[in-house]
Each structure stands twice: as structure tokens, then as C-alpha cells.
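See structure below.
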Amino acid sequence: MLSTKFTLRSHKSSVTYIYQDPRTPFNLFTADSSGLIINWDLTIRRPKKSWQAHTDTILTISTIHNHLLTHSRDNTIKIWDESYSCILEIPCNALNFSNICVINDLLITPASINSNNLDVYKIDKDWQITRLIFDFDVYKLVNKGEIIEEIGSSGTSRNDFGIIMQMKIIHTNTTTTTSENNSDYIIYVGFESGDIVGLQLILPRARILSTTGNTNDKTLINQSAKFILQYHNSTHVPNPVICLSNLDSVLVSGSTTNKVIIHSDPIEIMKMDHSGIQAIVNFKNDRLIFGYWNGYIQYGDISINQSLPKLGNTEQEKSKLTKKLTFMTILNESNQETLQSPTGKSKYSVLLKSKRNLVSPLLLAGYEDGSILAYNI
């Protein structure tokens, strides 16, 4: 279908991130290339609050310990309290345009001293930070001869994968979970070279040893966290990996070309209608929606784009007037029960919200001109 349902307009710069608050489905955060964040109330489709969170492009919005987390090209990660005052600021490396990943109380980022490598941090509820892994070289791990799977290698030689371009955490039932690591997810890392590497993070539990016969005389031994290689694919080489998504717990990747790879066994290669795959979103776990740099959005046989006011007649002039797509995500349906009056009585505000209840998912697309369009799917 992909028909326009509504438009959100308040950003004056290119939209770079859209995030539905998992704590409150009608609460939406959007960010732009100037570092501005807008908090929307989707029941009235109006901003509730906006603030200058960063001084450069915002690359990631997430939550940790029930608090909002943001990450920017201004080399900072910030955590915000309920009034959106910054309560923790972490310096980070933002030489590339990679996102960061948050899983439980862990933060996975490009390494602070090398954009090719990884750091892992643990953030406690009292906001104490522990660095578990420092400057981890993924390329060296892959080239130890421990490669689980390498597909599509072009045979070209280089001594690194280049900078990290994109990261994605995918929960999976195939990962070996033990009492040592308690891990049921794979961290996929897409690189400038076109390589994609899947890593399992091992977090050994501390061991308690009795150094004497006295049960009260014990020594606590903390073992180091480590990565284990689970997957390597180089089908995209030499084109940088631009986006990572999932299809029913299977990785899906896109690059600067028109090639999309579904990383099943064996892999499936799809040739798309356009090059420059900006975004791939998973709809209901079994369907994919594709967004391209040139502004087109493709869902099955349906392809749409948004045009600016027409000023020219030639094809070249028309292409320049297409809105450039910058971000895309699914807005999940809300729970009707959250909109009921606590007294059980009908109120106008509750009825108004009920009319705008998200009874089905919407596709949210952010554009270079600062607009955000919601599409029926």
C-alpha cells in the first residue's frame, strides 16, 4: 500500500535517527544532523519537547537502564534523565558514521583509538563504567585460521577491513549458550571493505575459589570478556556495507550497489531496482522494505518516492527534485489497553487518543529536508 498517513515537520536539518520509546509506544524521538532531538506525542502528532543534545549528527538513539541514550559525531555518548538533563557523558570515537549497539547493560562501540576495532563497556545502574574489551581487532581474529565461514572472497589482499560502517545485534536460537556466557545473540559488524563479521560476546561469570579449608576464606577471580568468531562473509567486497537488518533472525545486508544479501545457508543474493541501499527494515519478521539514497522506497512490487516542487522538465532536473531518504524504521502498533481511563469513565482525551491508536504498524521515513512521513503498510 505505502500510502501517506501523516507528516511530522519540525526539523530544519536532515533527519538522522527515529526511535520509538519502548517504555511508551506513543512517545517518539527523532534526531537530525545538527544534534537536535525532538520528542513527539504521537496521539496529537506534535512535539512535546526539543533540545540541543549534541553539536553534530546524531547516529544512535537507544535506552539503557530505562534512560535515554544518544550517540553523536561530536564524539560523545550521553545518557539522559526523565527531564532530559544529561547525567552521564562518555567520550567516543566518531570518525566514521557507524552506530553503536546497546544490549542490556553493555555498550558496543568503535574503539576509542581505532575506527577499525571494537570497545565494549559495562554500565552499572549507578552509572559506573567498566571497559570490558579494549581496541579489539576483528581482522586479526578472522585471519587466525578460525574462520567459521567465508563466502564470496574476491581474493584481493589487504591487512585490515577498513573502518566499521554499521553494527547490528540479532538474537538467535543457533548460538551456543552456556552457563559461562549466557549469550543468545550475535553482533554483526559491517566494514568499509565490504566484509561482514559475526561475533559472539563471552562474559564469563566470576569464579570463587577457597584458598584454605576455611569456607570464609575465599578468592574472587574475574575472567576477561572475549569475542568468538561465528561468521564471516565477503560477498559485498569491495563495496562498503551501508545497512544491516534481520529477517526472522537471519542477517540481511546492503551496500553502495544494488546488491542485497540474505545471510541464510546458503546465502541469497537479491538484485534491487536501485543502487545505494540506505535502509532495510523488517516488517512482521517475514517481509522486507528497502529505502534508497535516491529517495525511493520499495515494498514488494510497490515503489514510491517523494518529490519536491517541480521546477524542471528534464530527467536530470527531476532527479534533483526527489527528496533524499536519510532514515527509515517501523513504528509498531500500540496497546489499546494503555489508553483506558484509570477511573473507567470516558474522557474526551482518552477518546481522542483511541481514535489515533496505532492499530497497525506504520513505516516512518526521514528525509534530507527534515520531514518525517508515516506510511500505511
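Every residue, even glycine, has its Cβ placed from backbone N, Cα and C.
Annotated repeat 'WD 1' per Swiss-Prot: 10-50, in sequence order. Sequence-distant contacts of the repeat 'WD 1' (10-50), counting only residues of its own chain at least 6 positions beyond either end whose CB sits under 8 Å from a CB of the stretch, comprise 56-63, 66, 68, 70, 72, 74, 84, 324, 326-329, 331-335, 338, 352-353, 356, 358, 364, 366-372.
Here the repeat 'WD 2' (53-91) has, by DSSP, the following mix of helix, strand and coil residues: 0 helix, 24 strand, 15 coil. Among the features that Swiss-Prot reports, repeat 'WD 2' is placed at 53-91.
Taken from Swiss-Prot, the feature repeat 'WD 3' covers 230-262. Mean model confidence for the repeat 'WD 3' (230-262) is a pLDDT of 97.
Per Swiss-Prot, repeat 'WD 4' is recorded for 263-303. Mapped onto DSSP classes, the repeat 'WD 4' (263-303) shows 0 helix, 22 strand, 19 coil.
Swiss-Prot lists 342-377 with the feature repeat 'WD 5'.
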Secondary structure content of the repeat 'WD 1' (10-50), with strand meaning DSSP E or B: 0 helix, 23 strand, 18 coil
Tally of residues which DSSP labels helix, strand or coil - the repeat 'WD 3' (230-262): 0 helix, 21 strand, 12 coil
